[in-house]
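Everything below concerns the one structure shown next.
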Amino acid sequence: MSSGGLLLLLGLLTLWEVLTPVSSKDRPKFCELPADPGPCNGLFQAFYYNPVQRKCLKFRYGGCKANPNTFKTIEECKRICAA
């Protein structure tokens, strides 16, 4: 690769680092999991972080055995995953 190509690559990597929000680097990996209602049949309102939309969304939670990306309140979801 030529020195010009290396400089371009270095510039792009630097730009990526600057534009990537600090919070996404520190966000727990479980925040990337999909909404998981679990196997139970309850109808509870819960929240999960949607990494594509970059926000917390409502979903119906069955009441048991969901993944860690399940929160009782939108505030808790935002504090942990969307900060």
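Just so it is clear, glycine is given a Cβ too, placed from its N, Cα and C backbone atoms.
For 1-24, the entry in Swiss-Prot reads signal peptide, with the evidence type sequence analysis. The annotation disulfide bond is assigned in Swiss-Prot to CYS31-CYS81, CYS40-CYS64, CYS56-CYS77. Feature annotation from Swiss-Prot assigns domain 'BPTI/Kunitz inhibitor' to 31-81; the stated evidence is sequence analysis.
Secondary structure from DSSP puts CYS31 (disulfide bond) in a helix. Counting every protein chain shown, the number of other Cβ atoms lying within 10 Å of the Cβ of CYS31 (disulfide bond) is 18. In the three-state DSSP scheme, CYS64 (disulfide bond) is classed as coil. Spatial neighbours are here defined as Cα atoms within 10 angstroms of one another, and by that definition the neighbours of CYS77 (disulfide bond) among the disulfide-bonded residues CYS31, CYS40, CYS64 are CYS31. Comparing the disulfide-bonded residues CYS40, CYS56, CYS64, CYS81 by how many other C-beta atoms lie within 10 angstroms of each C-beta, the top residue is CYS81. In the three-state DSSP assignment, the secondary structure recorded for CYS81 (disulfide bond) is helix. It is 18 Å from the Cα atom of CYS64 (disulfide bond) to that of CYS31 (disulfide bond). Using a 10 Å radius centred on the Cβ of CYS77 (disulfide bond) and all shown protein chains, the other Cβ atoms total 23.
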